[in-house]
Amino acid sequence: MRTRLVVGNWKMNFTEAEATAAVQSFIKMVSAKSTVDVVVCPPATCIHSVRELVKDTHVKVGAQDVFWEDAGAFTGRISPRMLDDAGVTHCIVGHSETRGRFGKLEVPASTVSTFVETNETINLKLKALLFHALIPILCVGETTEERKEGFTEAVIREQLAGALAGIDASELYFFVVAYEPVWAIGTGNTCEPEEAGRVCRFVSSVLAELLDADVAENIRVLYGGSVRAANAGDLFQQDGIDGGLVGGASLDPLEFSRIVMSA
Ligand code: PGA
C-alpha cells in the first residue's frame, strides 16, 4: 500500500503570527502520526517561519504555485530555485483557482482571466520543479458543466496528458496527483466517497497508460474538495484514494489534525 499523504493548502490566508499559532497548535498531534506523510503549503510570506517550526518533525513544507524560469525579469513570480533554497519540498501545480476555474466564484467574473493558466504552462512548471528535484502535486478535475455533460474522464485525461507531455516516467517516482472536482472546492459539496474513489482509480489508470504501470503504481492520488474531519474517514477508506488535499479545513488546527488522524 502507498503511504498516505495529507496536504494542507492554506491558500491566501494567515499572517506570520497566525501561521505560527496554527502550526504550534497542530504540530504535536500531527507529528505523532508519523505513518502518514504531511505537507503544509503556506503562502510564500510564511514559508520560512513554518519551515523553522516543523524542521524537527516529519512534516514537510510545500508551495502553492511556481514559475518555470530560474531567474529573470518576471515581477511577482517565484522560481523553483528559490523554493528549493527556502527548504520547500513540494509544490501544488494547476490548482483550479490558478487555472481560473472556481467552484464558488470568489472574484468578479470579469477578473477571472487574471488567473488563467493552461496545460502548457502547467507542463513547463512540472518540468522546472522536477529539474530542481521538487515534488509536484498536480491538480486535475472537472467543472459542474463538464460533469453534467459526461466529460469528467475526458477532461482529466486531457489535463494529465497535457501536464505530463515530454516528461520521462523515471522522473515521476515521487509525483503526486490530486483529483479535485472544481464544484467541490470550497463549496461544502464533497464528492460521494465511492465516486471520488472511482475517479481516483481512473486517474491511476490513465497514469499507467501515459507512463508505465510500475511508475503509476507508486504515484499517490489524493482527493480534494471540501474534505472535513467528518468525511475524511469515508473518503480515505476508498480503494484508490491515498490521502487528501485539504483547503479550508487545514486552517483549523484541530480539524486538520483530525483529518491526518483518519488517514
Ligand atoms: P477546500 O479546498 O478543502 O476548501 O474545498 C480544497 C483545495 O482547494 O485544494
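Glycine residues also receive a Cβ, built from the backbone N, Cα and C atoms like all the rest.
Look at TrEMBL and you will find HIS95 tagged as active site, electrophile. Listed in sequence order, ASN9, GLN64, ASP65, CYS139, GLU180 are the same-chain residues six or more apart from HIS95 (active site, electrophile) with CB atoms under 8 A from its CB.
The secondary structure of GLU180 (active site, proton acceptor), as reduced to three states from DSSP, is coil rather than helix or strand. Taking all protein chains in view, 30 other C-beta atoms sit within 10 angstroms of the C-beta of GLU180 (active site, proton acceptor). The feature active site, proton acceptor is assigned by TrEMBL to GLU180.
DSSP assigns GLY248 (substrate binding site) to a helical segment in the three-state reduction. Within the same chain, residues at least six positions away from GLY248 (substrate binding site) with a Cβ under 8 Å of its Cβ are GLY186, SER226. Annotation comment: TrEMBL describes ASN9, TRP10, LYS11, GLY186, SER226, GLY247, GLY248 as substrate binding site.
Figure note: comparing Cβ neighbours within 10 Å for the binding-site residues GLY186, GLY247, the maximum is reached by GLY247. When the binding-site residues ASN9, TRP10, LYS11, GLY247 are checked against ligand 1, ASN9, GLY247 have a Cβ within less than 6 Å of one of its atoms. The substrate-binding residues named in the record, ASN9, TRP10, LYS11, GLY186, SER226, GLY247, GLY248, extend over a maximum Cα to Cα distance of 14 Å.
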